[in-house]
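According to TrEMBL, the protein carries these features:
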{"type": "BINDING", "residues": "ASP16, GLU18, ASP212", "note": "Mg(2+) binding site"}
{"type": "BINDING", "residues": "SER153, SER154, LYS187", "note": "substrate binding site"}
Amino acid sequence: MATVSIPACTSALLLDIEGTTTPITFVKDILFPYIREHLEEYLSNHWEEDECKQDVHLLKKQIEEDMRQHRSCPVHTVDQTVHTDEEKAIREVVDNVLWQMAADRKSTALKQIQGHMWRAAYASGRIKGEVYQDVTPSIRRWRSQGLKVFIYSSGSVEAQKLLFGYSVEGDVLDLLDGHFDTSIGAKVDGKSYERIAERIGCPTEEITFLTDITREAKAAEEAGMNVVLVVRPGNMELTDDERSHYSLVTSFSQLEVTGRV
């Protein structure tokens, strides 16, 4: 694909992660399987620690809420007080977490224990955050041209910082000016992009958003942002109309800012 020019008025770039900076398979094939494979081991090693106890307490609260709302859930409940049968209590936590993951739940309780496990895995070197080879050189080039670079992902800010802080390229957090997650709003809601622009401190027209998801692109466009769709291996196929409507790149290296050297 040819070079894509973005407006000279651009002062900031806003980047999606999954399918944009990072292979879409990283979450599905690396992060989620890590939880499934190491959850019982992690709980056994940290069961008596305060952070783990808080994680289990939050899971228990989630189960209680599910039962009140008559949502389906595993038949047993998590009970942190079962000290006489620690293995049984751990097994109940494992069953609940795996059930939530299989159901594609997005509960705070699930995200919290996953985040703590991933933090430990990154810190120990068991996992390294994957980024495409064109990402960090391009971000360095944009920053040298005076642009700011921000991340907006459905993954928590903590998870974002782990990915870039323990990446295959090393710690590249210093290349990023800030992070946003869905606490600022859904990625398919135009208001979220308006709030991000307000937080960054510039008009939406001065921000270019890079994503692989057309629903997100549409929302950002409606808010006034310039949008570029990123086409990477494994990403969702685009329709002919989408291909003709949006600027497309297969690599960040194709992006050029008009009027900047």
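In case you wondered, yes, glycine gets a Cβ from its N, Cα and C as well.
Note that this is a predicted model, so its numbers are computed, not measured.
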**Q.** Count of other CB atoms lying within 10 Å of the CB belonging to SER154 (substrate binding site)
**A.** 17
Q. Neighbourhood of the Mg(2+) site (ASP16, GLU18, ASP212): other residues with Cβ within 8 Å of the Cβ centroid, in order?
A. ILE17, GLY19, THR20, THR21, THR22, ILE24, SER153, THR211, ILE213, GLU216, VAL230, ASN235
